[in-house]
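Here is what TrEMBL says about this protein:
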DOMAIN    25-426  domain 'Amino acid transporter transmembrane'
TRANSMEM  27-49  transmembrane segment
TRANSMEM  55-82  transmembrane segment
TRANSMEM  103-124  transmembrane segment
TRANSMEM  144-166  transmembrane segment
TRANSMEM  178-197  transmembrane segment
TRANSMEM  217-239  transmembrane segment
TRANSMEM  251-274  transmembrane segment
TRANSMEM  294-317  transmembrane segment
TRANSMEM  345-365  transmembrane segment
TRANSMEM  371-395  transmembrane segment
TRANSMEM  407-432  transmembrane segment
Amino acid sequence: MEGQTPGDRGLSEKPVPTAARPSLSSLGAIFILLKSALGAGLLNFPWAFHKAGGVAPAFLVELVSLVFLISGLVILGYAASVSGQATYQGVVGGLCGPTIRKLCEACFIINLLMISVAFLRVIGDQLEKLCDFLLPGAPPAPQPWYADQHFTLTLLSVLVILPLSAPREIGFQKYTSVLGTLAACYLALVVVAQYYLGPQDLAREPRLASSPSSWTSVFSVFPTICFGFQCHEAAVSIYCSMRHQSLGHWALVSVLSLLACCLVYSLTGVYGFLTFGTDVSADILMSYPGNDGVIIVARVLFAVSIVTVYPIVLFLGRSVMQDFWRRGCCWACGPRALAEPSGPWVRMSLTVLWVTVTLAMALFLPDLSEIIGIIGGVSSFFIFIFPGLCLICAISVEPVGPRVKCFLEAWGVVSVLVGTFIFGQSTVAAVMELLRAGRGLHGCPGPPACTQP
């Protein structure tokens, strides 16, 4: 791709980076952007509504976040057109300098790696529940070896996830993204239908808490929202793959995608919370009976939904590693000494490496539920901090009116400050939870008979 130097055009019409034969339609871009956001966070939204203290506080936090989420996507499209880069880290580096780019790449790898591990853990849990339903037995009797999560998840990764992750361009995912989006919508419809038509033995509470327990409980919802709505890492790649590239058109695609995503998340969060009240589980599917056929179908389809998201996350992580490969080759051996990083051998090697590492972490690391806050905190860099920095740097090299420039600079500063607050608050809370969990594993402070597991 050829980089473009910022011109002297106004804010409404900017030069755009040109990918090799971009072929992604607007509808395909909407589906990919929507599916990038509709992931494992869908299961956590009813629990987030409970943590926020009810429907009204959670809706308020979600609407405020939606403003920053949409503005972040629009800013990234504008920054891509100004910088002439086709990747998120390229845009950040082109506008903010190499130091910020290195920080962006480090956050990128950590965030995408942990998201991939979390996705595989969710898929593994659904496979385990499905095997328990299909192969019922007495609790003392162990499940067959082929029903073990280590085997089923490995087989799924090799036969399904790896082939879906192999293509060179992200535009291929527009076909699987349609299926994944429909699966996520089905889960939302099941949650709504179970509230109105579900069995009477569900723990439904007619009167729910309508106020948060403390102001910190309201802010604790932000990491879940960041984790759920994170599609900004894919924004630049999707924008540069579009056949029709303009800032106004990209803004429309961003608004439609996030509004549809907000509808699905809100329906799941509201009706899941109203169905179970304060007894709602962090995984909404775990709150329903395990032998319900509708819930079994929802488990299968949601696993399919996550399977279709994983290749998009891998594509973004692979692009960062390809940049590392390219810069390392040029520095150590010259520009043509080693294989082209976008070639099939390097691309497949990096894909196999990513799948292998994340699969090993998903199978052998302990429960990752405590670090969802850290994932959401790191996501705030891509949703708030880096877009704010890109906006400030972009308008410093682009001629805009003084009032527009003042407003955009102020918005960029606000985005950076909000993102920094969310990162600090969520990371500290997650670390405290990990420390408390560690103390619980190593002993209990109470009366004499303190045992260790």
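Note that Cβ sites are derived from N, Cα and C of the backbone, with glycine treated the same way.
In this chain, the transmembrane segment (251-274) lies in contact with the transmembrane segment (217-239); the count of Cβ pairs under 8 Å, excluding pairs fewer than 6 apart in sequence, is at least 3. Ranked by the number of CB pairs under 8 Å to the transmembrane segment (294-317), the listed stretches 55-82, 144-166, 251-274, 345-365, 407-432 are led by 144-166. Counted as Cβ pairs under 8 Å, contacts with the transmembrane segment (345-365) are highest for 103-124 among 27-49, 103-124, 178-197, 251-274, 407-432. Within the chain carrying the transmembrane segment (407-432), a Cβ under 8 angstroms from the stretch's Cβ atoms is held by residues 68, 71-72, 75, 216, 219-220, 222-223, 226, 370-374, 376-378, 380-381, 383-385, 387-389, 391-392, 395, 400, all 6 or more beyond its ends. Contact count against the transmembrane segment (178-197) (Cβ pairs under 8 Å) is highest for 251-274, out of 27-49, 55-82, 103-124, 144-166, 251-274. The transmembrane segment (27-49) shares the most Cβ pairs under 8 Å with 251-274, out of the stretches 55-82, 103-124, 251-274.
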